[in-house]
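Database features (TrEMBL):
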- 12-343: domain 'FAD/NAD(P)-binding' (DOMAIN)
- 58-63: disulfide bond (DISULFID)
- 67, 131, 327: FAD binding site (BINDING)
- 196, 197, 198, 199, 200, 201, 202, 203, 286: NAD(+) binding site (BINDING)
- 363-474: domain 'Pyridine nucleotide-disulphide oxidoreductase dimerisation' (DOMAIN)
- 465: active site, proton acceptor (ACT_SITE)
């Protein structure tokens, strides 16, 4: 680590507003170049009063607890399947929500503690205060006890992320929860209605059903907007096969609490009205960037009038010394690794003379639905729009995971596609995979796409057998051919 240099007329070289993944990555990288850094982080309680420690959404109420509960769901399914493999499993098996929540929260608290230790070891000052701008170089940190601290810095990075958005209907804020609250609920959610069909809503509905609770998803228009439509149809089919219910074309109009303690949800769709009773109503209708809470006009900052996010050029806002990374950026992927990478590169450009820019194209992601969906690159719809249907080729295949055979698991929705340019050497534009461990499968292919992967490369690669990832090296049937993409056996 480079020696710390004096900051001149300012208190710090860099002030980071937001102690999530992107902000922390930028702060730690900056200190490695000898800069004095302060991080402001403050969690405004949710409508249900939920708060958490440093680390941002991912660690506390996002990726990490979601993946752990998804894993808990998969383990329950695996226990049932174990009987087919010769294991003597007591019947019935049971699940305890409180034990899961305790284990998940203990892990999160350990990560919070490690994060605080890292900041101390790197001599990054941590201020548990809500930051608001006074001017382009000055931020007021408002503490929980009512006190304020005025901090100046040469450069400022905004990395405050976002919070769940509440729809506007009676009873929503009073009785509904969001993903901010789900992972620390002290009692089991029971029969749950999920309002919203983005990846957060589907993931939560999926693991709740896997844990033994009834789960219903209310869908206004479509599932997983922005994802490949053919793949989404299979995600939906698998979730329905698992027992998740869907209410299509419906919007909530009111939630009220009944004498029996249950929540009565009223909805409408077209000319129809309906209602149902649930134990928990989870709102997952998108997220709102926390840009306005910063008093951005005091610093002269401009935000997009519709997304309320910052429009940047290489993460630089309209104010030259103020930057932004992560979910507060307009039309950028709202993904933790994106924020981390952008934060590190920004610090390198500011303080170490590097020129490398963040590449927001071909960023891989995975929806942790019951049967996972991983993808990287263009969807089929995007490829057609960009290149026209006559200039692309779509290779596709259904496949049968070996481990599915003995317990006779459903294989109808295990499917993949590779979208390429038609002209040789057929550059790969997008890869999509539905099946077990989809994130692990797609991650390696994402690196290959960054390196210029072609269909010929896939053909020339010998797969590892028997794995699900090898199916990408065997795919040979095109949609254009009209041939049946269903294999006859696991080794066909």
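Cβ coordinates come from backbone N, Cα and C, glycine included.
On the structure: features taken from TrEMBL.
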residue	record	Cβ within 10 Å
63	disulfide bond	18
67	FAD binding site	17
131	FAD binding site	26
196	NAD(+) binding site	24
198	NAD(+) binding site	18
200	NAD(+) binding site	23
202	NAD(+) binding site	28
286	NAD(+) binding site	15
327	FAD binding site	28
465	active site, proton acceptor	11
Residue 58 (disulfide bond) CB neighbourhood, other CB atoms within 10 A:
23
Tell me, what is the mean pLDDT of the domain 'Pyridine nucleotide-disulphide oxidoreductase dimerisation' (363-474)?
97
Name the one residue among 58, 63, 196, 200, 465 whose Cα is closest in three-dimensional space to that of residue 327 (FAD binding site); these are the recorded positions.
58
Given the NAD(+) site 196, 197, 198, 199, 200, 201, 202, 203, 286, its other Cβ neighbours within 8 Å of the Cβ centroid, in chain order, are 194, 204, 224, 284
Secondary structure content, the domain 'Pyridine nucleotide-disulphide oxidoreductase dimerisation' (363-474) (per DSSP, counts of residues)
37 helix, 31 strand, 44 coil
Express in Å, rounded to the nearest integer, the largest CA to CA distance found among the NAD(+)-binding residues 196, 197, 198, 199, 200, 201, 202, 203, 286 named in the record.
14
Could you state, as a whole number of Å, the largest distance between Cα atoms of any two of 67, 131, 327, the listed FAD binders?
30
Of the recorded positions 58, 67, 131, 465, which sits closest to residue 202 (NAD(+) binding site) by Cα distance?
67
Cα-Cα, residue 67 (FAD binding site) versus residue 58 (disulfide bond), nearest Å, comes out at 10
